[in-house]
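Taken from TrEMBL as is:
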TRANSMEM  B:7-26  transmembrane segment
DOMAIN    B:40-205  domain 'Thioredoxin'
BINDING   B:78, B:82, B:166  Cu cation binding site
DISULFID  B:78-B:82  disulfide bond
């Protein structure tokens, strides 16, 4: 009787790391890029695709970077009259096996209160924070101000 | 009892449908219609506003007549929509090759407070050289937006500062200053280029 219990305890103990970070270690960031800025007074923007390769849904709750005081995920929307606006997107859930695209015209990383100019050819570190306590650092290459995406 | 309940649901459903229809009418044709809905921009020749371009020249809508024009609204503190539109337009212009030189391409700022002539000049140089930036007083900007039947509004940001919501489409006019079409924000290049070519052809036939 003792043996199965002990093995269960071991299994639980081994299971702890994934219980602690339920799923966020399975997130992969692809094709990250940002546009260069002119100085520091204007906000910057960054883009990437976040893919959840795990079995559990994950929730992106926040961002941090030393590049900007207020990094946040925003969503650009266009109304029926063609007027566009941006608003904070809030927490983002990525279902198991799904990906969300942060791309021009939709969801994107807004980098408000830049601490230094974003220079073409350089890159910066962006930390993604997840609801399970997990964190992930993404290296974001800075492309030209007129760049359209990572492939061009 | 059951039947009455169903009738009740039916009446409620009809009520909801009528309300939806009324709401639709109110927003589209009725007094609730926004200025922009279904209204085409005025011909350039009927607009009246005085602005300054990014090189300090006095400009107005009449200066666009004579060549086909692409005109759009934006602001240089815009991190997302405006650089995307500007790089889209730069790509279309590259696609037109030498014909791009036959077009007027104008960004009119909706944020004259921050977009001074110098700020615009500093900004447009990063994009296609055909793109001009126009700015001016609040009143003249409002006049321009009104002429295009576009919209804009200032939105305070959490943590200070503000951003601008604005009509993001690109307005196309023929050489006679008549409105031809709008390229919606983020419309794929394969749709945008033929629209621009049509505006250029409309100009060719219109002037003959």
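Every residue gets a Cβ built from N, Cα and C, even glycine.
TrEMBL labels come from automatic prediction, so no person has curated them.
Values in this document were obtained by computation on a predicted structure and should not be read as measured data.
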Model confidence over the domain 'Thioredoxin' (B:40-205), averaged pLDDT: 93
Cβ neighbours of residue B:166 (Cu cation binding site) where a neighbour is any other Cβ within 10 Å: 26
Neighbour count (Cβ, 10 Å) for residue B:78 (Cu cation binding site): 25
Cβ-Cβ distance under 8 Å to residue B:82 (Cu cation binding site), same chain, at least six residues away: B:74, B:75, B:76, B:107
